[in-house]
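Following: one structure in C-alpha cells, then a few remarks.
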Amino acid sequence: MLETNDNQPLLEVRQVSRRFGALVAVDRVSFSIQKGEIFGIAGPNGSGKSTLFNIITGIPFPPSAGEVFLAGQPIHKLRPHQISRAGVLRTFQKDAEFATLSALENVYASAVYCGQMGSNEARVAAQQALDDVSLAAERRTKAASDLSVFERKQLMIASAIAARPKVLLLDEPAAGLTRPETSDLADLIYTVHGRGITIVLIEHVLPLLLKVSEHLMVLNHGAVIASGKPEEVVRNPVVVAAYLGKREAGL
Amino acid sequence: MDALHNGKTWLIALLVITGLLVPIFVEDTYLRHLFIIAFVYGMVAASWDLTLGYAGIFNFAHIAFFGVGIYATGLTAKVLGVDPWMAMLIGGLAASAAAAIVALPIVRLKGVYVILVTFAFSQLVLQVVISQSSITGGTQGLVRVPTIWLPGYNFLRDYKLGYYYVAFGLLVATTVCLRCLVRSDFGLSIKALRDSEDYGVSRGIPIARQRLKALVASAFFTGMAGGFYVLYLRVASPEIFDFSTASLVLSMVLVGGTSSIYGPVFAALVLTFMSEGLANIDNFAEGRFMIVAVTMVVVLLFFPKGLASMLPNGFGEKTPEILLHRKRRIAGSTDHAE
Amino acid sequence: MIMVDMLSAILVSGIVLGSGYALMASGLSLVWTTLGIFNFAHGVLMTLGAYVAWTISSGGGLGLGLAAGVAVTVAALIGAGILIERVVVRPFYDHRDILLITVMTTLAAMIFLQNGIQLIWGARLKQLAPIVPGTVQLWRTTISAQETLMIVLAPIVLAALWLFLSRSRIGRGIKAVGQNADAARLIGIDVSRLFIITFALSALLAGLTGVLLGSVRLLTPEFGSEPLVKALIIVIFGGLGSLGGTIAAAYLLGIIEATLTFFIGIYWTPSMIFLLLIVVLLFRPQGLLGKVVR
C-alpha cells in the first residue's frame, strides 16, 4: 500500500476562477482540505459557493483558470465523470435524482458506474449505502420522484457513498428541510463522516455549518473573505458585514 | 409481482406462437404483405424508442438511419454483388456508422440542438441520395435489387411465406435484443441520464459514450430493418426520407408509449393495417397521413403515456413516464407531479 | 475581369438566397425566442401562403389580381398561425418537455397541412406570376426583377420587424415574454395574447417568403420543406435567441451556399454545408454568432 504522507492535503484547490463574460463568479480561490475533515463553506446567496462546487467537479463546467488536486494528483483536466470516479462526488441543491428509477436503482447505478463495481458487488453496496442513510426498506423500490424531500436527500447521499468516494461535496443539503429534519441531516453527515469520507459542506444558513464543521471558509463576491475555526470566523467583522449587508443573517 | 411477471411471459409466448401460426390461416398475399411491412415498422419504431424514449435523446434522424440501411443494403447487394444476407448486416452497420457521425456533435449538446442537427442530417442524407442519381437512382429510386435466398428455396414463389417468417424472426430477435439492452446496466444508465444529466455525470456515467452507444445500437436495428425492407420490396425510393414516413413511425412510438419496447411493436401492427386500409380508399392517400397527424396530437393530448399503457399487465414501464412529468412552466398549472 | 464576374455572380446569388432565408428564419427565430418552441409547420405555412396567393390572384385560380391575393393571403396566414398556436401548441404550455412535444405536434400540423394542400390543390406544379416582371442587371449579374424585389424587400421587412419589436408596446411585450414569461405575467402583460400575436406574425413572415419565392420556384406541396431545413441550419449557425444573429447567419449561409455551389456544384453543396455545421457545433456549440449563456 502506498500511503500518502500525512501533511499532503486530500483535496487542494489552487487559485481557481470562473468567469462568465465580464462576471467573475469565482475569483482566485485557494484552500486545502485534510483527510477526514468536515470543511464548511459559507457565504451569502450568489457568493460563488455552488459555482465553486461546479468547477471542482467539472459539472457542468470546469474552471476558467486554476488547478485542483486530489491526493496530489491533478484532476481539473479530467472529464467530469472521471473526476467522480476519482473519488470527488457531489450532491445538488435542486432535486436532481433519477426521477423515474427506483431508489435502489439510483444507488445501484452509482455503484456500477462511479464505484465501477460488478453487478453483485454493486447490489450489496447499494443496499449497504441505503442502510447507512437509513432509508426504510419498503421505500427502496419506490420511484425516486415519489419520495419525500428528506428521503431524496438520503437517497442523494446514499448514491454518493455507495461509490466509496474520498470526498463528498454537499451542496446546501438542508435547503427545504424542517428543523428536526435538519438535525437528522446532521446525524447523517456524521454517519457518512464515520465511514471515513471527507466532507465539504456548503450552506448559507449557518446553524448546521457551525454544528458540524471543523473548519469554516466564507466566500463573498466569489472571493475568500475569511477562513479558520468556525467560532472565530463568525465573529470576524468582515463576515458579519458580508452577511448583514446582503440579508439578515441566520445567526 | 412474480405472478404478474409470469402472466406477462405467458402472454408473450402466446403472441409469438400466434405470430408463427398466422400464415397458416392467412393465405392472402396482400395480408401477408401487410404483416411483413408491419413487422418492419415494428423494428423501426421499437428501436427508435431506445434513443427517443429510454435515452431521452431528441433524435429525429432515426428514419434517415432506416434509409441509410435501405440504400447501403440495396447498393452493396446490387452494385457490389454482395450476398444479400451479408448486405442486410452491412445495412445495419452502415446505419450505425451514420449514427456515430451524427453522435459526434450531438452527444454533448442540449435538446434543441439535437433536434436541429438530427433533422438537418436527415435532409442531408436525402440530398445525397437524390444528387448521386447515377448510383442511387435519384428520385427514380433504386430498382432491381436482388433478394434474399436460401438453398433450394425460392422466396419469390410461396406467397410471401418465406418473407413472412424472416420478417417475423427479425422482429422477435430485435425485440429480445432491445429488451435485454433496456434492462441491462447500460439501459439503467441511459434512463438515468435522461432523468438528470448532471446528476448522472456526477455519479460517474460517461454521458457522451452512453449516448453514442444508444444511438449506434438503435440505428443498427433500424438499419437491419431497412436492409430487409429493400431486399423484400426489391426497390428503394427516396420518399422514405419524407416527413410523412417519420411522422407515421413517430405516431407508432407515441401510440405504443415512449419508454416501452412492446408498445411500439404492437402499435406498428395496428397502425400499419389501419393506415393501409385507409390508403385503399379511393383518392384518400393524403387523408391517411392527415389522420396519422391527428392521431399523434390526440395521443399526446389525452394519452401521453401511449395507448398501450391501457393494456392489462402494464406493458409499458411501471415507473413514472418522462412525458407525464409536468411542471409549472408558462401557463401556471396547479400540477405538482414532479 | 472574369474574377470580378465570378465574384459578382456569387455575391448576387448569395444575397438573393440570403434574403429568402432571412425572411424565413426570422419567423422561426421569433417563435423560438418568445415561446421556446420550434415550429416545424413554419415551412408549410410558407407553402400555404404561396398557394392561397396563387388561387386568388393567378389566371389558373380566381384571377382577382395582386391586391386581392395579398389581402386574402395575409388573412389566411394570420388565421393559420393562430390555429396552430391554439390547437397544437397551447395545450402543452405547462409541460416539462414542451420542446420535444411541440416538435412532434407541429410536425403533425405540418403533415396535416401539407397533405391537405395536396388534397385541395393536387400535385400539379404551379407558379405565381412575378409581382414585378422583367430582369435587372445588378453589378455584373443579371437576375429577375422579382429576385431584386426580394433583395430590397427583405431588409425593409426585417427592419420593420425590428422596429416593431423594440419600439411598439406589443413588440416590447413580446420581448419581455421571451426573456421571462412568469415575470411578464406578474407585471400584468397578457402573455397568452402575445403568444398568439407572435405566432400570427411569424406565419405572416412565412407567407410573405412563400409569395416572393412562389414566382421564382415551382409550387409543390413540399415547397416549404427545403427552406424550413435551411432555416433550421441558420438558427443553429446564428445561435439561438437572437434575431440579429439569425439574420446575419441567413445572409452568411446564402453567400456560403452560393460560393460552394459555384465551386463544387449543387450536388455536393448540401453535404458540405452539413459538414460545416458539425464543425461549427463541435467548436462553438452555442452557434457561430451566439453568446455563451450561463
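Including glycine, each Cβ sits where the backbone N, Cα and C put it.
Predicted automatically and left uncurated, TrEMBL annotations should be read as such.
Positions annotated as transmembrane segment by TrEMBL: B:9-26, B:32-50, B:57-79, B:85-104, B:111-130, B:162-182, B:212-232, B:252-273, B:285-303.
Only sequence-distant pairs (6 or more apart) were considered; of these, fewer than three Cβ pairs between the transmembrane segment (B:212-232) and the transmembrane segment (B:9-26) are under 8 A, so the stretches are not in contact. If you look at the transmembrane segment (B:57-79), the same-chain residues 6 or more away from its ends with a CB under 8 A from one of its CBs are 44, 47-48, 51, 86-88, 90-95, 98-99, 102, 106, 111-112, 114-115, 118-119, 121-122, 125-126, 129, 135-136, 142, 144-146, 211, 214-215, 218-219, 222-231, 236, 238, 240-241, 245-246, 249. Distant neighbours of the transmembrane segment (B:111-130): 57-61, 63-64, 67-68, 71, 98, 102, 105, 136, 138-139, 238, 241, 246; these residues of the same chain sit at least 6 beyond its ends, with a Cβ under 8 Å from one of its Cβ atoms. Three or more CB pairs closer than 8 A are found between the transmembrane segment (B:162-182) and the transmembrane segment (B:252-273), so contact between the two stretches is assigned (pairs 6 or more residues apart). Sequence-distant contacts of the transmembrane segment (B:85-104) (same chain, at least 6 residues past either end, Cβ-Cβ under 8 Å): 61, 64-66, 68-70, 72-74, 76-77, 117-118, 121, 125, 148-149, 211-212, 215-224, 226-228, 230-231.
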